[in-house]
Amino acid sequence: MTADSKQKLLHDSRQLARLKELLVQYAEDRLGTLRRRLVVYALALIAMTGATDLRYGLAATLILLIGEWVDCYTLRQVAPRIAAGAPLVSVQRLAAFAGIMQALSLSIGAAIYVFAEGNDSSILGVAAAFGMGTVNAALILPTNPRVAILKMAVFMITPVLMLTYKTFLSPSALSLDHIDFPMFLVLLSMGYMCYSFATSGFHSYRQNEALRRSQLNLSDANEELGRHQHELQKLSMVARQTNDAVLLMTPERSVEWVNEAFCRLSRLPKEHSVGKPFEDLLAMSKAPPEVLDGIATAARNAVPHRAELAAHMPEGNVIWTDLHILPVTNGDNVLEFIVAIARDITHIKEHSESLRAARVAAEDAAKAKADFLANMSHEIRTPMTGIMGMADLLSQTHQTPEQREYTQTIIGSSRSLLTIINDILDLSKMDAGKMEISETEFRVRECFEETVRLLSPTVRDKGLDMTLHFDEDLPEVILSDDVRISQLATNIIGNAAKFTEHGQIDIHVWSEQEDTDEGGTEYSLHFVVEDTGIGIPEDKLATIFDEFSQAENSTTRRFGGTGLGLAICQVLVSLMGGTISVTSTYGAGSSFQISLPIRLPEAGSDALVPFASTEEVEDFNLQDLEGLRVLVAEDNQTNRLLLKKFLETLPIHLHFAHDGYEAVEAALQHAPDLIFMDMSMPNMSGLDATEAIRGSSIEQPVIVALTANVFDSERQACLSAGMDDFLTKPIRKEDLIACLLAHLGPQSGTDYDSHNALNA
């Protein structure tokens with residue numbers, strides 16, 4: 001609400017209150033003079049009885065009393081009705097009605113006298129009565145002008161009507177012959193006196209009303225002035241007491257006034273600031289010139305401006321202020337003065353700097369953590385490659401049953417350790433926000449069949465049955481992250497195998513489609529894994545997806561594991577925009593369901609060409625690799641020995657390099673068709689060696705990275721350096737052969753999505 005609206009509302013409320021007050025005063029005055037009017041009515045009764053007879057006197061008096069009773073009864077209701085909140089208009093109408101009734105009763109009483117007495121001279125008495133009524137009505141003009149005007153109208157019209165009737169309409173027409181000139185002058189004088197008194201009353205009423213309005217306006221003006229003065233006092237107190245430094249300057253930018261906060265902030269007494277040019281005070285801050293120029297220009301042009309100003313204090317410290325330049329104009333848009341307000345934001349700047357330092361420290365810590373994990377991944381996966389590879393080679397030799405049992409124990413323990421390492425690394429990547437989801441085309445049935453095939457030995461060893469069922473309407477090829485879906489399926493099915501001691505595991509895969517409001521279609525992939533295992537207690541279902549959580553402490557001791565698998569699944573599902581849920585009956589089994597949004601390939605897109613799985617490698621004619629040159633760049637002696645054992649049975653020319661320099665020299669000397677390049681080597685890293693080879697003029701070989709790092713940044717670095725593929729340690733013989741066949745074999749150039757770790 002604007003100030004003018006508030007002022008008008010205040011004025012209207014005062015006017016309404018004044019009208020209510022006058023109406024109540026009118027009612028009280030009328031009620032207070034009732035006794036005097038009754039005395040007059042008694043005298044009138046005596047006069048009329050003497051002039052006519054008792055019947056006419058009583059009739060006229062009764063009518064007068066009825067009008068008076070209506071008037072008084074109504075006026076007694078005025079004050080209570082106003083106090084009760086009745087609308088002023090309705091109360092005014094009641095008062096006007098009562099006044100008219102009282103005036104009409106007087107007119108009727110006078111008419112009874114005139115017509116009953118029948119003497120032409122009665123007109124003089126009637127004129128006197130109506131004259132008195134008119135004078136009485138004029139007296140109430142200040143308190144109730146509406147009723148006063150109505151009464152005077154009745155008192156003036158009634159004699160005219162009676163005179164007209166008696167003169168022209170009555171059978172006994174009124175004769176005015178006996179009214180001599182002196183009587184006529186008396187009547188004329190009485191009429192003029194009534195007229196003068198009425199007009200004087202009107203004039204007095206208008207003057208009083210004008211005076212009252214002037215007083216009211218003056219009162220409003222005084223209140224408004226007082227309010228403005230009060231506001232100015234408050235603003236002055238605020239400006240003086242505020243912690244913000246306030247400076248007022250003339251349009252010529254000469255300082256007129258500063259508050260105490262300015263003196264404290266600037267370390268300058270008031271007398272050293274007032275009267276000085278604003279630019280001189282600015283220069284004392286020793287802030288950068290570009291900042292000072294911007295502030296001075298804004299003040300010079302009288303435009304609003306905001307800047308952060310670093311003031312160098314005599315004590316040697318720096319105080320940061322948030323400075324506002326505000327021009328103030330009058331109603332004619334003429335500049336009156338300029339206000340400069342400065343707020344000390346040193347603590348905010350210090351806090352911001354501490355936050356920035358904390359953020360940098362956190363980023364450094366995150367980088368150190370990532371570097372540590374990368375180094376640990378390399379340091380653990382490198383010997384794991386040797387352990388698992390040698391165990392695989394050992395399992396292929398002639399062994400006694402006892403030796404074979406020992407070998408299988410080594411292989412199983414190594415794989416369990418690798419699973420734990422992978423879980424921890426995945427969790428670390430999720431915490432660092434570096435887990436990425438990549439979309440690719442793949443055959444969903446093959447993805448689940450491969451997962452089931454890998455887990456089948458574990459299931460068979462426990463004597464369990466495992467079934468895999470696909471719905472008939474399941475799409476052949478979908479667009480999603482096949483590696484993450486395989487990881488989800490492996491974790492869920494692996495959990496079912498781990499916690500099921502007898503019975504079966506059922507896997508059901510299907511898809512659904514739903515029309516969208518935009519007219520499109522959304523697709524989703526669903527799979528459920530049901531087991532007859534130990535189940536999950538109902539009170540543990542809410543925490544089963546927490547990190548390092550298992551149903552019971554005894555579960556870890558009995559079945560092993562870190563309790564990270566389901567936590568990783570939940571994060572992966574969330575990243576892919578899906579949902580995961582579980583239902584379980586303790587002692588009877590569990591059911592895990594995962595739902596993921598997917599897309600279907602566009603019509604006409606290239607179909608995937610399947611690549612043989614590692615079980616089908618023997619179906620290829622390995623002689624197709626005959627004569628190919630393969631270079632292995634690996635600084636670890638155990639890994640070199642392992643790779644040699646894996647590859648020496650193939651009909652290829654095999655060369656080795658111990659570091660990046662040797663790898664570049666061997667590439668220039670032997671022109672290999674494919675290089676297995678370790679990423680972390682002394683003297684020259686695998687990335688640097690790759691860039692050097694890509695920059696040479698030799699026929700470019702296929703370069704496949706061998707690394708223990710599993711971070712997406714490492715994969716991107718391989719691509720940026722010019723590598724073609726990526727194998728993660730520990731490396732299996734089947735992966736090496738599959739990679740060779742994919743790049744150099746008869747199906748080289750076809751889709752390698754099932755084994756290409758760059759898409760992992």
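Each residue, glycine too, has its Cβ placed from N, Cα and C.
So that you can see what the record holds, here are the features copied from TrEMBL:
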COILED    211-238  coiled coil
DOMAIN    305-357  domain 'PAC'
DOMAIN    375-600  domain 'Histidine kinase'
DOMAIN    629-744  domain 'Response regulatory'
MOD_RES   D678  4-aspartylphosphate
TRANSMEM  38-66  transmembrane segment
TRANSMEM  94-116  transmembrane segment
TRANSMEM  123-141  transmembrane segment
TRANSMEM  147-169  transmembrane segment
TRANSMEM  181-198  transmembrane segment
Does D678 (4-aspartylphosphate) have same-chain partners at least 6 apart in sequence with Cβ under 8 Å from its own Cβ, and which are they?
A633, E634, D635, N636, N639, G686, A705, L706, T707
Summarise the model's confidence over the domain 'Response regulatory' (629-744) as a mean pLDDT value.
88
Just to be sure I understand, if DSSP states are collapsed into helix, strand and coil, how many residues of the domain 'PAC' (305-357) fall in each?
12 helix, 30 strand, 11 coil
Can you tell me whether DSSP puts D678 (4-aspartylphosphate) in helix, strand or coil?
strand
Just to be sure I understand, if DSSP states are collapsed into helix, strand and coil, how many residues of the domain 'Response regulatory' (629-744) fall in each?
53 helix, 25 strand, 38 coil
